[in-house]
Amino acid sequence: MENHKGSVTAGKAIRCKAAVSRNPGEALVIEEIEVEPPKSWEVRVKILCTSLCHTDITFWKMSTGPFAIFPRIFGHEAVGVVESVGEHVKEVQEGDLVLPVFHPNCRECRDCKSQKGNGCSAFGYRLNPDMPRDATSRFKGMNGEVLHHFLFVSSFTEYTVVDVAHVVKISSDIPVDKACLLSCGVSTGIGAAWKVADIEAGSTVAIFGLGAVGLAVAEGARLRGASKIIGVDLNPEKFEIGKAFGVTDFINPETCGERKVSEVIKEMTDGGADYCFECIGLASLMEDAFNSNREGWGKTVILGVEMHGTPLALNTYLLLRGRSVTGCLFGGFKPKSDIPLLAEKYLDKELNLDGFISHEVSFQDINKAFELLLQGKSLRCIIWMDN
């Protein structure tokens, strides 16, 4: 495709390539689409690279229910350059390096101004399939067909339009493939360790699920000085991978015999882990994590999204004895203020981002990224738009 310049294309529709998902579970199709110019409070971004997250896979597989919406452009972990902005946009301009993020941060509402959480009451948690303000799409097929957005980002396209509340400006010093990681999974895991759990030096930590989010939790715990970081996963290869992120011990539930994982963790931590993290999205694992916590102060943080509608059953007596459980989105981070700090820590050689990138493919081979993740072979596969 022609390398468009903002001065030429601002205010006009852009034709570009996108990987369109037309039916659940089917391979994405590279098509030419039309991307409308940004409206007020919106930013049009030229995507430099993107990556694939399990959340994309989850919604891509959905064949029924209110969230099974097709045709659609998936992708919500990416980095790009501002091509043009709509009216009232002041915080970014043409040429800025930005991350589009699914979690809103308007900076003006009561929630955004509060230090108690990272919600945004101006936008809430609506899973609108298109733009958040007017609920319409900025994508069209060449026959005029509406193509829907995904999680307010839609990065599997050469150009996308994102609300300014979902845009984070970052330093151009950070390599773009590393920056890409900060727009979802890595920030979620590190934030859960730092903001939600607030792990202190010498703590014991158990992480259920060593995918990219779980390993990011481990990285956050390592940087906080945790004395023991236990990884729980069915894939034994994850232990060697996890060591680079601070994992000190590994439990494969299939090798525990008749013993419960919680019993093994309690034995390893002299009564239970100070902090447990569930990073898969299964109610049964959430219960295991809670039961693995130490009485008196053990804290369980739930990061996985339970998509089966299974309720969480907890022994209330254990709650009375001081254990607690909490959930979080985006690791409790406020995207516009916290993501730039992570970029700084990477540039200061404190934060390990390189280890998360297991594969790289060109945009034309985007379906290969799906195959690798479905086979459990990748952590994060960087998808380069221009390669």
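Even glycines carry a Cβ here, placed using N, Cα and C.
TrEMBL entries are annotated by machine, without manual review.
Pulled from TrEMBL:
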type   : residues : note
DOMAIN : 42-171   : domain 'Alcohol dehydrogenase-like N-terminal'
DOMAIN : 212-340  : domain 'Alcohol dehydrogenase-like C-terminal'
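Mapped onto DSSP classes, the domain 'Alcohol dehydrogenase-like C-terminal' (212-340) shows 53 helix, 22 strand, 54 coil. If you take every residue in the domain 'Alcohol dehydrogenase-like N-terminal' (42-171) and average the pLDDT, you get 96.
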